[in-house]
Amino acid sequence: MSTLCVPSQVPSVAEDCEQLHKAFSGWGTNEDLIISILGHRNVAQRKLIRQVYGETYGQDLLKALDRELTNDFERIVLLWTLDPPERDAYLANEATKRWTSSNQVLVEIACTRSPKELLLARDAYHARFKRSLEEDVAYHTSGDFRKLLVPLVSSYRYGGDDVNLTFAKSEAKLLHEKISEKDYSCDDIIRILATRSKAQINATLNQYKNEFGNDINKDLKADPKDEFLAILRATVKCLVNPEKYFEKVIRLSINRRGTDEGALTRVVATRAEVDMKIIKDEYQRRNSVPLDRAIAKDTTGDYEKMLLTLIGHGET
């Protein structure tokens, strides 16, 4: 499911660090060398490179990259080089500080990560910002959005596959009742979405469709302009079908007038080692165009090269 291509023979970490240091030395920066190393190392290898680089040269690799690189290329390389929990903490903090009711990044992090991954992101948030993610989300949001988002980012769901069909049937009925009453922010809807395991929610939503004839997200489109309903739909999609959610984020980031580089960068950096192969297949199925061709058409330079490297362009 990952599109990351790591060579069968990887140089020693000391050699990678030496080559990266050379890329920063002299006149200009050797961006191709940076891409050839960091774009072809997995999370454990990148973490070790960062550690050894700091020990060898007395400077955090991230600071060296920040000094040498610019714009969208800098952002994709920095996000990619961060350890995943640190990256999620950084993205979540950015989302709270710039929060608007149409910002779905917090839902993305809370609902597409595993229970352990979300816990690690919250720990990383403590370490980096000396506050909890929950308190920052609560401070920067209000009303129904706060009511939904705080329990989502605080959740520690059961991560297994076991489901209770009795609960699935009763909670499908409960969801249908509340949605029919347009009571979208009621405690029961939020409790189910914020606490039940992904397997349990999937069983409940299958029951919902079988019993009432519609996907729940179709019933949550009563008012397409309602931003709380949009956040609810994103929550459902992230919990039960994250690859389709991320395909849509990429599609919208490319297809709108002017590329939304922030969204495109975030999805590629966070999903390349997770499920980007499925997202690519979904993109091709949905748009009849390969994702690498769409990215190449909409981006340029070193930024384009790094994106294409991470989604496995040209690799067999």
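Cβ from N, Cα, C; glycine included.
TrEMBL annotations: computationally assigned, not manually curated.
Quick look at what TrEMBL lists:
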BINDING   PHE24, GLY26, GLY28, GLU68, ILE254, ARG256, GLY258, ALA296, THR299, GLU304  Ca(2+) 1 binding site
BINDING   ASP298  Ca(2+) 3 binding site
Quick check for the class: what is the C-alpha distance, in angstrom and rounded, between ILE254 (Ca(2+) 1 binding site) and the residue listed as 'Ca(2+) 3 binding site'?
7
Validating a neighbour-count step here. Other CB atoms within 10 A of the CB of ILE254 (Ca(2+) 1 binding site): how many?
21
How long is the line from the C-alpha of GLY28 (Ca(2+) 1 binding site) to the C-alpha of ASP298 (Ca(2+) 3 binding site), rounded to the nearest angstrom?
26
Could you state the CA-to-CA distance between the residue listed as 'Ca(2+) 3 binding site' and PHE24 (Ca(2+) 1 binding site) to the nearest Å?
28
Cβ atoms near the residue listed as 'Ca(2+) 3 binding site' (within 10 Å, other residues, all chains):
17
Same-chain residues six or more away whose CB lies under 8 A from the CB of PHE24 (Ca(2+) 1 binding site)?
ALA64, ARG67, GLU68
For each of the binding-site residues (GLY28, THR299), count the other CB atoms lying within 10 A of its CB, then report the residue with the highest count.
THR299
